[in-house]
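These features come from TrEMBL:
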DOMAIN    1-395  domain 'Major facilitator superfamily (MFS) profile'
TRANSMEM  28-53  transmembrane segment
TRANSMEM  65-86  transmembrane segment
TRANSMEM  92-113  transmembrane segment
TRANSMEM  208-227  transmembrane segment
TRANSMEM  257-275  transmembrane segment
TRANSMEM  282-300  transmembrane segment
TRANSMEM  306-329  transmembrane segment
TRANSMEM  341-365  transmembrane segment
TRANSMEM  371-392  transmembrane segment
Amino acid sequence: MAGGRMGFLFTALITSGAGFLSSFAPNYWSLICLRFMVGIGLGGGPVLASWFLEFIPSPHRGKWMVIFSAFWTIGTIFEASLAWAIMPRFGWRWLLATSSLPSFLLLLFYAVTPESPRYLCMRGRTSDAMQILEQMARANHKALPSGILISENQLELDEKSDHSEAAHLVGNGRIESSDEDMIHMNMKTSCISTLRSLLSPKLIRSTLLLWMVFFGNAFSYYGIVLLTSELSNGKRACTVKSSQPSHSNDDSLYKDVFVTSFAEVPGLIISAAIVDRIGRKLSMSSMLFISCVFLIPLVFPQTREITTGLLFCARISISASFTIIYIYAPEIYPTSVRASGIGIASSVGRIGGITCPLVAVGLVHGCHQSAAVLLFELVIFLSGIAVCLFPLETSGRDLTDSV
């Protein structure tokens, strides 16, 4: 486990480097390979969410994680704006080069990016954790409680040695180097042992349900985005299309992407309003079931206006659910496996995003629109049931350090 700070560096370096080199790709296959590398870099994104979460107090986690997630929507709108402005005039190479610049800017912040104090405590580096906490206290004009910081992992070691402590901050003194070595050795786990922890009796239910919800959210979210262009036209996808040059509709295409991206803004507002008030589980399940309600009429042919409105509302609901699952997921895992747990769950979600155009959109192209909508209904409904079966409600609950 390399820590959130290294995840920050990995994401910025791979995404910016491969993204910029993509603009100079000499052929199709080199472009595919470089964009694959960009995808690997973006795969480190969930690590940043878990890193950010560990700095937020419990009562305000929901609100600030929604604000954190809002930058995904801002980036989507920004990228649609770039495509609208650059593609028709300068081409795709300039678009890829320009799109890599924000990731390069991340590197400027690496030097001032602190490591998570929780992670440092789990590694036995309590002095480094205290330095960061002192910097945070000075920045907020607050004073830290007197004493030495001890992680939950250290408390468990003390309990096993019949030297239990009553609080996380204890009287002045030093942690024995042998105990620090024990913590350090305890954190040197392989990928196999991390997976064992995620599938341990205490976490297996949460892990499997989380994978199911991530898959369902990604499958439905990207599917609704793709189906917007397929189901929004009045004649549907099975009608004969006019043979116009593709470039004649370029401006309208980028304009449509730009406008539909704003559908996620209401989703963010809704998730921010309910995530702390009614809890994570009820917020997610209600948004998923509401999305089902908006999609039901699309089983039958509708007018263009009604179809567009229903898909817009469905995207609002599914984007709100997607935002909340990224708040809930880091909260159910302890610090020792938090980043790994979210990373694996996000990877399962990526599988849903990959299979969606192959299955659901393929049904639409095969003139089976009703079957495609029913498939989305099933996936979203099962995801809502999975949310209801989560064992924990994490709203207002303190983060834990160990299983």
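Glycine residues also receive a Cβ, built from the backbone N, Cα and C atoms like all the rest.
TrEMBL annotations: computationally assigned, not manually curated.
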Margin query: Which residues of the chain, 6 or more past the ends of the transmembrane segment (28-53), have a CB below 8 A from one of its CBs?
Written below: 3-5, 7-8, 10-19, 21-22, 61, 64-65, 68, 103, 116, 326-327, 329-331, 338-339, 342-343, 345-347, 350, 399
Next item on the list: Tally Cβ pairs under 8 Å between the transmembrane segment (92-113) and each listed stretch (65-86, 257-275, 282-300, 306-329, 371-392), then give the stretch with the top tally.
Entry: 65-86
Note to self: Looking at the domain 'Major facilitator superfamily (MFS) profile' (1-395) alone, can you tell me the average pLDDT?
What the structure shows: 78
Check: By Cβ distance under 8 Å, which residues at least 6 away from the ends of the transmembrane segment (282-300) in the same chain are close to it?
Finding: 213, 216, 220, 231, 270-271, 274-275, 306-307, 310-311, 313-314, 317-318, 320-321, 324-325, 328, 369-370, 373-374, 376-377, 380-381, 383-384, 387-388
Checklist line | Stretch of maximal Cβ-Cβ contact with the transmembrane segment (341-365) [cut-off: under 8 Å; candidates 65-86, 208-227, 257-275, 371-392] | finding: 208-227
Notebook entry, point to check: Okay, the transmembrane segment (371-392) and the transmembrane segment (65-86): do they have at least three CB pairs under 8 Å, pairs separated by 6 or more?
Noted result: no
